[in-house]
Amino acid sequence: MNNSTSTGVYANGNDNKKFKGDRPPCSPSRVLHLRKIPSDVTEAEVISLGLPFGKVTNLLMLKGKSQAFLEMASEEAAVTMVNYYTPVTPHLRSQPVFIQYSNHRELKTDNLPNQARAQAALQAVSAVQSGSLALPGAPTNEGTVIPGQSPVLRIIIENLFYPVTLEVLHQIFSKFGTVLKIITFTKNNQFQALLQYADPVNAHYAKMALDGQNIYNACCTLRIDFSKLTSLNVKYNNDKSRDFTRLDLPTGDGQPSLEPPMAAAFGAPGIISSPYAGAAGFAPAIGFHQATGISVPAVPGALGPLTITSSAVTGRMAIPGTSGVPGNSVLLVTNLNPDLITPHGLFILFGVYGDVHRVKIMFNKKENALVQMADASQAQLAMNHLSGQRLYGKVLRATLSKHQAVQLPREGQEDQGLTKDFSNSPLHRFKKPGSKNFQNIFPPSATLHLSNIPPSVTVDDLKNLFTEAGCSVKAFKFFQKDRKMALIQLGSVEEAIQALIELHNHDLGENHHLRVSFSKSTI
C-alpha cells in the first residue's frame, strides 16, 4: 500500500455522496463501507458480519447516517467478505445491509468522539477470538467467555414446521468449531438437542451468532442456552444421538450402523449428508461456502435465518454413486412429457424457487432438459421441491447436472427454439435483495396464491379462467384485507403445477398481470 492512499476516515460521511446506485465500484480495500444499518443495531452485531472472514481491527458507526465503516486485518479478508455477501445480501435485525469497499485504506478513529463503545466491542470480540477470558470492563453479555462456562449448549427449536435432523444441526454448529457429541430428544412437545463442543469458546460463539436465527425460511427458530452439564454421555450412534469421536458405538435400536466412509462424511465441513434429502423436499436456507464458514446475517427475506450462500449440495457429493458437481447451479431434469413441455414452461415452474437464467430441452431426447439457476442454493431448492412431482402425466426427476452452464446455440445451428436465455426476463421473482418472495417459497400444493388482481375482476372471472385451463376448482376466496389477492384450491397438486405454468403472468386487463405461487394455506 503506498502512503498516498492512506487517508483516514472522519465522521463526515464523505463516502456517501456518490451513492445513487450508479457509483463505480472502488478497488479493494480492507476498509468496508456499510449502508442502511438499522438504528438500533449494536457494535457487536456489525462486527459479527466480519467475524467469519478474519479479524476485525476497527469500527466506526455513523448512526445518524445509518452507515458504518469496518476495517478488517487484511485486504484479503475484506475481499472474501465482499465476494461472499455479493450474491446474498446480509441482514441485521431483518433489514438488508449493503457492503462495498471504501475509498479509504485505513480507519483513523483515535481523535473521534463516541468511540468508546466500538473499542469495547472490538476488545471483547478479540478476547473471544484469542480465547482469553473476560476483560475487566468489557460487556460480558455480548463479547466474552465467562470462566467456567460449559462447552455444552441446550438447543430448543420453535416453529418446527419441517423436521430438523441431527445432521442439519451438526452442519450448522460445525461452522463454529469441532462438535464432539449431539443428543436430540422431545421434551414438553418441543424438539430439543444437547450439543457438546471441544471448547467453551466455540459454544459461546455459536450461541452469540445463532440464538434466535431460523434454520429454514421463516420457521425452525433456534433458542440456545448454555447447559448445566459440562459433558455428554452418548451410548448409541443413530439418528437421535451421536458421538463423533467414537464411530464404533452400536446403534442400539436395530438400525444399521453407519458405514465408516459415511460416518467420516458427517465430520467433513459443510455436509448435509444423504439421509437428509430435504425435509418434505424442503431445502435448508443454508448452503455453505466451504471456505468461509457461516455468515450470521440472513438469506434475503428469511426472517434473519441462518445463511450461507453456495450450497448444502456440497455434502451430497461425499456419497458414493452420485454424480454432478458440488455447488453447481445447473439441473438435469428428466422424464418430462416431450409433447407438452416447453422452455418457457420450465422457466415459469423452476422460477418459483429461484431465478432461471437458461433452459435447454435436449434436441435428440426431448424428455430431458437442462435448467440453469442463478446460483447453487436456488438449484438445490428447486431440485428438492420439484423432483418427484407429476407434470403432464409424468413424474419429473431433477438432479444436479455435470454441466457448469447451459450453452446457447451457435449462429445458424438448428435448435427448433429448444434453448432459451431468460437471464434478462422481467419475470424473475428474486432479483430484488430482501424481496418478500423469499419468505413465500413453499412446496407445490393444490392451493395456489393469486395476487395483482385488478378491482374489476370477479370470483367467477377467476374460476372460469382456471376451468378453461383444464382445472377443477374446489374452492376460492379473496383475502379479506386485500382484494388484490386470493387463494384458489384445485383438484390436485399436478393441476396446480400446470395451472401455475399456464396462468402465471396472465394478462387480466387494466395493465395487471396475474401472479401465481404455491400456498402453504388451504381454504
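Quick reminder: no glycine exception, Cβ is built from N, Cα and C everywhere.
Listed in TrEMBL for this protein:
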type   : residues : note
REGION : 1-27     : region 'Disordered'
DOMAIN : 30-114   : domain 'RRM'
DOMAIN : 153-229  : domain 'RRM'
DOMAIN : 329-403  : domain 'RRM'
REGION : 406-426  : region 'Disordered'
DOMAIN : 446-521  : domain 'RRM'
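Ranking 30-114, 153-229, 329-403 by CB pairs under 8 A with the domain 'RRM' (446-521) puts 329-403 at the top. The domain 'RRM' (329-403): residue composition by secondary structure is 19 helix, 24 strand, 32 coil, according to DSSP. For the domain 'RRM' (153-229), residue counts in helix, strand and coil come to 22 helix, 34 strand, 21 coil, using DSSP. Here the domain 'RRM' (30-114) has, by DSSP, the following mix of helix, strand and coil residues: 25 helix, 26 strand, 34 coil.
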